[in-house]
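Novice: Copied straight from TrEMBL:
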TRANSMEM  21-42  transmembrane segment
TRANSMEM  81-105  transmembrane segment
DOMAIN    82-274  domain 'ABC transmembrane type-1'
TRANSMEM  117-135  transmembrane segment
TRANSMEM  155-174  transmembrane segment
TRANSMEM  195-219  transmembrane segment
TRANSMEM  256-274  transmembrane segment
Amino acid sequence: MNTVSTRRLWRGETHIKPRRVVMHVLLIAACLAMVYPLLWMVRGSLAPENEIFTSSGIPSRLAWENYTEGWASNPPGFGRFLVNSLIVSGLAVLGNLLTATLAAYAFARVEFFGKKVLFALMLATVMIPGQATMIPQYSIYNMFGLIGTYVPLVLPKFLAMDAFFVFLLVQFLRSIPRELDEAAEIDGCGHGRRFFTILLPLMRPALATMAVFTFIWTYEDFMGPLIYLADINSYTVPLGLRLFIDTMGTSHYGQLFAMTTLSLLPCFIIFTLFQRQLIEGIATTGMKS
């Protein structure tokens with residue numbers, strides 16, 4: 001800091017740009033708009049049932065029974081739904097890590113016949129709405145007797161059917177200099193050794209990005225479990241939350257908000273643990289060296 005700037009700060013002569021003030025005000029307003037529904041949900045989870053919608057201020061008392069009763073209601077209990085969601089989400093992450101990385105390596109580093117055509121077809125599947133394939137997929141899984149199991153929810157992950165993540169990893173691999181492959185090939189490394197010992201460690205930011213998004217999207221999926229799961233013991237968190245609002249008009253919103261608050265904790269923990277890798281992966285994917 002030069003002498004002139006020091007004198008201005010000492011005299012209190014700081015110049016604040018109006019545009020910067022407006023920008024910060026808009027950012028703060030946007031943050032409040034996004035955080036308010038979350039705060040309202042937490043407040044509703046601690047409010048008595050008759051105060052959730054009638055009052056917007058601090059509850060007259062903290063209704064902790066919303067958490068205890070919500071956790072124990074709807075046998076086999078909300079804990080079972082939470083474990084089921086963690087199992088399905090964990091398997092989905094494992095499947096994508098195993099197969100999407102191999103598919104991306106093939107498209108980015110291996111030369112084979114029809115490579116460009118297959119890559120274009122894979123990208124074209126991203127534009128197909130999921131609703132268009134629901135009935136054919138259900139018919140296939142029903143033919144093999146897989147309805148009522150977790151197989152329809154996790155099998156596509158083990159077949160590299162998430163074209164978005166394959167494309168993400170392909171772009172990341174293309175940003176890695178090919179000189180590394182050439183040097184490894186001179187040393188006698190085959191495709192397997194090049195992939196697992198050289199490229200895979202460099203892909204950690206992109207893999208973290210894929211793992212976080214796969215976990216969150218699978219954990220929050222409602223339509224898939226609704227279609228394929230029939231036994232309440234195999235319900236995931238979204239289906240378990242739906243049980244707090246029945247078709248007869250009886251609703252337990254306090255318990256619903258309490259269990260919704262608890263259900264957000266795994267996603268919050270995962271995002272917090274991998275925040276640095278997630279930002280690094282998003283920032284570096286697709287960048288050329």
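Every residue gets a Cβ built from N, Cα and C, even glycine.
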Novice: Which bits of the chain, at least 6 residues beyond where the transmembrane segment (155-174) starts or stops, bring a Cβ under 8 A of a Cβ in it?
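Specialist: Apart from its flanks, the transmembrane segment (155-174) reaches 91-96, 98-105, 107-109, 119, 122-123, 125-126, 199, 203, 205-207, 209-210, 213-214, 281, 284-286, 288.
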Novice: Any residues 6+ beyond the ends of the transmembrane segment (256-274) with a Cβ under 8 Å from its own?
Specialist: 41-42, 44-46, 52, 66-67, 70-71, 78, 82, 85-86, 208, 211-212, 215-216, 219-220, 237, 240-241, 244-245
Novice: Using a Cβ cut-off under 8 Å, which residues of the same chain at least 6 positions beyond either end of the transmembrane segment (81-105) come close to it?
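Specialist: Distant Cβ neighbours of the transmembrane segment (81-105) are 150, 153-160, 162, 165-170, 172-173, 191, 195, 199-200, 203, 207, 210-211, 214-215, 218-219, 225, 234-240, 262-263, 266.
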